[in-house]
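S.K.: First the structure, which I've put down as structure tokens, then a few questions once you've had a look.
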Amino acid sequence: MGNCGSAETAVAAAASKEIDNQLKAEQKNSQQNIKLLLLGPGETGKSTVLKQFKLIYGDGYSQHEKIAFRTTILTNVMTCALSLINAMDMLKIPYNFDPNAPIPTTDDPDDEENALGEEDRIRDERGSAEEVCENEFEYEPEQSRKFSDRNALIESEIPKIENPLAKYAAKMYRKSGGRNKQTGPGPTASAIVKGFDMSFGISPGETLPDEIVNAVEVVWKDSGIQYCYARANEYQLVDCCAYRAKEVCHPEYNPTEQDILNTRQMTTTVTETKILVEKKLFRIFDVGGQRGERKKWAPYFDDVDAIIYLVAISSYDQVCLEDSSTNRMVESMNLFDSICNHPLFKMTEMIVFMNKIDLFKEKLEKTPISQYFPTYQGPNTYEACSEYFASRFIALNLFPEKSIYLHFTWATDTKQIKAVLAIVNHSILRFVSAFDVGLM
């Protein structure tokens with residue numbers, strides 16, 4: 001019996017030792033993994049940054065994946081064209097409208113009165129057409145209130161701006177026949193595009209009919225459409241690619257890496273991508289940024305080593321997809337406040353990408369940020385305006401011991417983002433190593 005007991009004890013000890021070894025191995029393995037979250041509102045470039053990780057540190061994209069992206073690009077072309085066509089009616093812009101023509105002085109009081117009320121009607125139509133999404137990410141409501149108290153948020157709504165050209169366009173829209181009675185190449189082509197059945201999407205390997213491709217090209221070249229495109233901040237528009245319709249619809253078209261970076265597909269699921277960086281495994285989680293998608297974030301918040309939070313700095317003059325009364329930059333600040341100051345992330349490496357600086361520079365030439373953020377009284381230069389927004393985000397951090405590392409990025413520019421990611425990855429690895437040895 002004694003020998004039997006000793007044998008059982010030895011077996012149990014051996015089993016226990018094996019479990020301990022497995023636990024140590026798992027712990028060691030987990031320490032070699034870096035868990036990285038890509039967070040931020042919708043359309044800020046999270047998926048584009050993930051694509052860059054794959055292109056720079058991974059194996060790129062297979063031919064099978066490129067075929068899938070080709071389908072996405074074709075869908076983007078149609079989505080862009082349809083958005084522009086619908087916006088023509090929403091903004092009351094006639095086809096063949098010339099924004100460079102001199103605006104005649106109105107001598108018709110009724111026309112002037114109708115035009116003056118046009119922008120209010122536009123906002124009413126836009127507000128009724130866009131549902132406000134519920135279940136907004138709000139882990140710490142009291143901290144969101146602190147943010148509101150600290151900043152007053154007088155810039156939370158897009159201001160009403162008197163625009164004589166927009167009023168004149170609305171007047172000509174009514175005179176030319178409005179929604180259903182306009183004639184000419186533009187309206188005819190638009191009707192063809194709107195008549196194309198997109199309800200089942202575009203199948204892999206499929207292309208668009210020649211009639212649709214030609215119609216999209218006619219629509220894009222219309223001067224009224226170009227004016228509508230110049231006012232893209234007043235409605236929701238996928239980054240425009242309608243001008244490439246003929247090229248991307250060619251049977252032999254094969255997307256380049258740059259084409260893939262420029263594609264837009266709303267993220268509706270949480271994806272995990274594993275990338276090896278400096279012999280460390282990065283587990284990168286890309287999440288949907290729209291309000292309705294944020295409820296899916298919470299399960300991924302445990303054991304996070306670093307967060308890259310993306311802001312579309314060019315969105316300072318735009319409203320949210322889900323809420324036509326809220327400025328996108330203010331939405332970004334509110335969300336960042338909730339994430340940065342969440343107790344789970346008190347010791348988490350926090351990196352902010354102020355993204356889309358290329359579009360930001362273009363917009364500044366036409367639209368001062370003081371028009372949307374009256375608290376800003378500085379010069380309307382890229383350097384001053386970018387520093388203003390950077391300071392606004394950094395000031396939201398309530399943890400004195402935590403630093404915010406901020407970078408200005410152009411996510412579709414591989415050379416620029418490669419240099420930024422090299423700095424960021426080195427910083428993350430250094431932070432995680434210091435944390436593991438108890439220096440943090």
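Cβ atoms are placed via backbone N, Cα and C, with glycine included.
Those TrEMBL annotations? Automatic predictions, nothing curated.
Grabbed the feature section from TrEMBL, which reads as follows:
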BINDING   43-48, 261-267, 286-290, 355-358, ALA411  GTP binding site
BINDING   SER47, THR267  Mg(2+) binding site
REGION    101-129  region 'Disordered'
COMPBIAS  107-117  compositional bias 'Acidic residues'
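How buried are the listed features, and what sits near them?
M.R.: Sequence-distant contacts of LEU261 (GTP binding site), defined as residues of its own chain at least six apart whose C-beta falls under 8 angstroms from its C-beta, comprise THR48, LYS51, GLN52, LEU55, ALA411, THR412, THR414.
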S.K.: For LEU261 (GTP binding site), what is the secondary structure by DSSP, using just helix, strand and coil?
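M.R.: LEU261 (GTP binding site) sits in a helix per DSSP.
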S.K.: What three-state class does DSSP give SER47 (Mg(2+) binding site)?
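M.R.: Where SER47 (Mg(2+) binding site) sits, the three-state DSSP reduction gives helix.
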S.K.: Considering the binding-site residues GLU43, ASP358, which residue's Cβ sits among the greatest number of other Cβ atoms within 10 Å?
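M.R.: Checking each of GLU43, ASP358, the winner is GLU43.
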S.K.: Give the helix, strand or coil assignment DSSP yields for ASP358 (GTP binding site).
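M.R.: Its secondary structure by DSSP: helix.
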